[in-house]
Amino acid sequence: MALDAASPSAAPPAIELRGISKAFGPVQANRNISIRVMPGTIHGIIGENGAGKSTLMSILYGFYHADSGEILIDGRPTRIPDSQAAIRAGIGMVFQHFKLVENFTVLENIVLGAEDSGLLRPSLARARRELRQLAKEYELDVDPDATIEEIGVGMQQRVEILKALYRKADILILDEPTGVLTPAEADHLFRILGNLKAQGKTIVLITHKLREIMAITDNVSVMRRGEMVATVRTADTNPQQLAELMVGRKVLLRVDKAPATPGAPVLEVENLRVVDAKKVERLKGVSFTVRAGEILGIAGVAGNGQSELLEVLGGMMRATGSVRLKGRPLDLSGREDARDRREVGIGHVPEDRQSEGLVLDYTAWENMALGYHHRDAFANGPFIDRPAIMKNTIDKMQRFDVRPPDPMLLAKSFSGGNQQKIVVAREIESGPDLLLVGQPTRGVDIGAIEFIHKQIVALRDQGKAILLVSVELDEILSLSDRIAVMFDGRIMGERIASETNAGELGLLMAGVTGEAA
Amino acid sequence: MERMPRWADVLLVPLISLILAAAISAIVILAIGENPWNALKIMVTGALGSSYAWGYTLYYATNFIFTGLAVALANHARLFNIGGDGQATVGGLGVALIALYLPWPHWTLALLAAIVASAAFGAAWAAIPAYLQAKRGSHIVITTIMFNYIAYALLTYLLTGPMKPSGTMETATAPFPEGTHIPSFRDLFSHGETILFRGTPANVTFFVAVLACVLVWMLIWKTRLGYEIRAFGFSEGAARYAGIGSTKIIVVTMLLSGALAGLMAINNTLGEAERLILNAVEGAGFIGIAVALMGRSHPLGVFLAAVLFGFLYQGGAELSLSTSIPREMVVVIQALVIMFTGALDNMVRMPVERLFANRRARGTPVAPLAGPTAERAPDRAAPPSTPTTAE
C-alpha cells in the first residue's frame, strides 16, 4: 500500500491506460477507459460478462487495436500492435483457455516461440536452468519433462505463468484463472501470485468472483457496460458494494429460501457407469436419490463425470446401471433419446447453452419450441404452429424477464443471462417432475443469476425434484438442500448443505475422503 | 454480431460480385482482341432478346432450379450434396423406364408418373451415401462424388447395351412414344399466327420447377421436418439435445435432395430430347452448387440464380456462335461468375458488412449488446399475415 500512497513522482504506474475506446460495429465494448496499475500490486478487474474486461486486456496484449486512447508502460507511451510487442514491453498473459501444445513437454512448451537459435538443445538447457530458479523463487514447481496431457489443469496453469516469466514479463495478466481449479489449487495459485508480487511483479487479475478480489487484490477496478465505473482500494470496499457497482443496482447475494420439505423419491440412480468412445470410464458406479421438493447439488471440479451424468439422464448418452423416474425404469441403452426423456417428465437446462440448449441462429420463438416442437401445442400435423409458439414465447419472455422481449431476435443476439433465461423458461414451463440443471449461471450476469436462482427455488417449492450440477461452489452451497461431491467419476460423499462448508467440500472435490482428511 | 440489412445481403452483395466477374471477363475479352461491350450485347440479345432466346434460357434455368434446390435443401442440414449430377442421371433412367415400357394415354399422366419415377430414382441414388454418412460417418462429399461416376458408368452400360435399340449407333434409348410428349412453351404460348418459342426446348417442366420452389420453401420454413433439418444444420449438439435424431435427418434430407436432383431429368428427357441420351445432365448438378450458393439456399434466391446461369449458358452459346470468341472463353466467364458469387463471396461480403457497420456506428449512439440494432431474424419465412410482436 505504501507504493499506492506515494507521490506520483516516486514510481510511474506499471500500466496506465488513458481514454481507451473500442467499438465492434455498433457495440461499444470499451468507452473512454482510464486506469492506473501501480507496480508491485495485484490489481483486480471485475465486471459482468460483456462488461468489456477481456476486450480491454486484449487491447493491452495487442490482439485488438483501440479506436482511441493511449497506453503507457512504466510511464512511457507504448504502441502495442501485436502480442510480440506486448511481450517485448514486459507483459505476459495467462488465458482462461490455455494455449499449450498437448503432446509437447512442459519444457518444450515454455521454449516454444522463444528459442534462442535454430538449434533447440541450448534453449532447452537454458530453460531448464531458469525453470529450476523460478520454481524455487515462486513455488512454481512443475515437472519439466512431463507432457501437457499428463499433468492436471492446476499445473498447466503454472506452465502458462512460467511461459510468461521465461519471457521476462514484469506484468502478468490472468483472465479468470480459477474457473478450472479446485479450491486448494486456487489457494496455491494465490500463494504464487503473492510471491510474484513480493518480487515486484505487477499482476492484473480479471475475474467475476468477488471472493477472489477480496482475498488477494490491493486495488480493484469495476467495469460495467464498457465503462470503468470505479477504482477503489480493496481494503476500503466490501463484496456487497462491488456487486452493486457491477450491476448498477442493489443485488441479493444470498439465495432466500425456506428449508426443503422432501417428499417421495423422484429420481433413483444406482451404479451408473459410462465408458466413452476412447474406452475411458467416465462414471464409475454412481448412485444417489433426488426427492420431490429438494435440490440435490453435485459439486466437483469440471471434468469429473458431472457432464456425463447430465447427458445420460437427459437421454444424450448411453450408460449401464439403473435409473428410475418415479419408480419407472429409464432405458439407458441408447434406444431412448432426449425426446423420450422429455415425454416422461425430465426437463434439462444443459451445461452449455450455446452448443446445446439453444440453436444460436434460431430466433427466440424458434428456440422456445426446441425439443417440444412435436407437441400438439406447437404443431399442426406436419406443420409448426408459429402463431401458437409466438404467443407462448411472448408470454414466457415477459414472465422470465427476458430482455429485450423480442421473439424475432436471434438467440445469439441476447446476452448470456438472457439466453439462459430463455432456456430456463422453456424447461421449467414444460412442467417437468425432474429438472436437470447444469451450470445454470455460467457466463450469466449477477442480476440474472439472482433471477434464475429464484426460479429454481420456486420450482422446488412446487414439489419438483431438481438435480443441480455446478462448478461454482458458492452456487452449490447457497442453492442446494443436499450436496454430493463428484471426483473421478465417483461420488466422494454426500452432505447436508446447511451442515457443511467450502473447506470440507473442497477436500472431497480433490478426492480426499473424510477418513484421510 | 452485426450484419447488414437483408436487401444488401441478398441483392447488393451478389450484384457487386457479378459486376466484378463481368469486369474481369471484359478485361479477358479485351486481351484476346474482342470488344467486351459488343460481347455483352450479343449475350443479352442472345439470351433475353426474343422468345427464342428465352426458350433456351428458361430451359437451362429449369435444370438449374432443380439441382440448385437439391443442393440448397441439403445445405440447410449442413450436408454438401455434390452428387446432383449422378442423381439426375439416374432420375433420367427412371423417366425412360416408365416412358418406354408403360403405355400413357395422356401427357398429364405421363408427367405425373415421370415426377414420381425421377424423384424415386434420384432419391434412391442418394440413399446409400446418406446411410453411409449417418451410420458410418463416411463423408457425404466423397461418397456422392463417387456415386456420380457409378451413375455415368451405369448409364453408359445401359445405353450401349440393354436399352439401346438394335441397329442404331447412338448411345440413346429409342424415342419415347407419342403419349409421353409433354407440351413445350411453343405449344403452350403460341396462338393463331404468332408462333412463339419456335424450336426451343423450354417446356412445361419449368412450372414443375416453380412449384418445387414453393414446396421446398414451405418444407424448410413451415413444417416440423424443416424446423428439425435447420436445427440440425445450425447445431448438431442442440439437435441431439432436442431429441432430433441425426440418422433420420441425414437420411430424410438426402432422400429429398436426391429426389429434387432426380426431377431435373424430366426436363431433358421427357421435355427436350424425348428419349434418354448419355450425358444429358451436362454438369447441371455442379452448376446447382453455384446456384445454391448464390441463392443463399433460399428457394427464391435459387430461382433467380438459376435464371442468371440460364442466361450465361444461352448467352455464352450465342457468343461463341457469332464472334471469334472461343467456346472456352464462355466457360471462363461462367467460372468467373461462380468464383465471385460462390467461392469469393466473403471477399465482397465482408467489406460491405463493415461499411454498414461503420455507417450504423456513426449513426446511432452506443447500442447495448441486445439493443435495437442487434441481429433480428431475416423474416424470410414470414407470410404477409404473420402476427407481429406487438400482440
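Backbone N, Cα and C atoms are what each Cβ position is placed from, and that goes for glycine too.
As recorded in TrEMBL:
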- B:12-33: transmembrane segment (TRANSMEM)
- B:53-74: transmembrane segment (TRANSMEM)
- B:86-104: transmembrane segment (TRANSMEM)
- B:110-128: transmembrane segment (TRANSMEM)
- B:140-159: transmembrane segment (TRANSMEM)
- B:204-221: transmembrane segment (TRANSMEM)
- B:249-270: transmembrane segment (TRANSMEM)
- B:276-293: transmembrane segment (TRANSMEM)
- B:300-317: transmembrane segment (TRANSMEM)
- B:329-348: transmembrane segment (TRANSMEM)
- B:366-391: region 'Disordered' (REGION)
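Taking Cβ pairs closer than 8 Å, the transmembrane segment (B:86-104) reaches residues 66-67, 70, 110, 113-114, 117-126, 144, 147-152, 154-155, 158, 163, 173-174, 176-177, 179-180, 257-258, 261-266, 268-270, 275-276, 280-281, 284-285 in its own chain, all 6 or more past its ends. Counted over residue pairs separated by six or more positions, the transmembrane segment (B:300-317) shares at least 3 Cβ pairs under 8 angstroms with the transmembrane segment (B:53-74), which defines the two as touching.
Only pairs six or more apart in sequence are counted, and the transmembrane segment (B:276-293) with the transmembrane segment (B:140-159) gives three or more Cβ pairs under 8 Å, enough to call it a contact. Across the candidate stretches B:110-128, B:249-270, B:329-348, the maximum count of CB pairs under 8 A to the transmembrane segment (B:53-74) is reached by B:249-270. When each of B:140-159, B:204-221, B:249-270, B:329-348 is checked for Cβ pairs under 8 Å to the transmembrane segment (B:110-128), B:249-270 comes out on top.
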